[in-house]
């Protein structure tokens, strides 16, 4: 039986508590990812008709899926770490440290990539949405037109860039572009900007959660390796002392 000093016992308990926090953060990521996937706005912005032709839209759609997968993986990894800490399993602790380090690097890389590609995603979504808009009205595709009007109602926007887009396709401005039934005021913002801005408004929440997780993960890696080494030393001491 491995008997550890008080300091190492504290590290062991801290690591167990840390993994409980990981479970909570994992649930937060999972919940936020599910929110993005089931949100009416997200569903309308990335409908099958529209998203199929928008590269930027596909990139945005993956955010919710990535958060869900990361949340589930974080929860499972936390259980793995708890087993290593509570049952003093060095293999579990070392594997936990390695996997946690890889996960930490991937999370940081993914977030940096997402932030650095904001302009590219915006431009891609804007150009893609314009192609969908132009094709829908030129070919009188009522299914897609209804989707576009749904975007305008949900995001309180008009056209792709502004209401002038309807003049470019020789159409009158639809009811979905007006702020009220009197048809006196038109929404100023284009739908491309409105949708992308809504997505980016959610990023601080994602960034805060990811930042907190990475900070705790660093401590988790250090604590798990330290605990594993301590258990190894104490095990060797017991074996050496019994010889």
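Cβ coordinates come from backbone N, Cα and C, glycine included.
Residues 205-231 are the range that TrEMBL records as transmembrane segment, among 178-204, 205-231. Checked against TrEMBL, the range among 59-87, 117-145 recorded as transmembrane segment is 59-87. The C-beta environment of residue 177 (disulfide bond), restricted to residues of the same chain at least 6 apart in sequence and closer than 8 Å, consists of 152, 158, 159, 163, 166, 186, 187. Shown are the disulfide-bonded residues 157, 191; the one with the most C-beta atoms within 10 angstroms of its own C-beta is 191.
Residues of the same chain lying 6 or more positions beyond the ends of the transmembrane segment (13-38) and with a Cβ under 8 Å from any Cβ of it are 63-75, 77-79, 81-82, 84-86, 202, 205-206, 209, 212-213, 216-217, 219-220, 223-224, 227.
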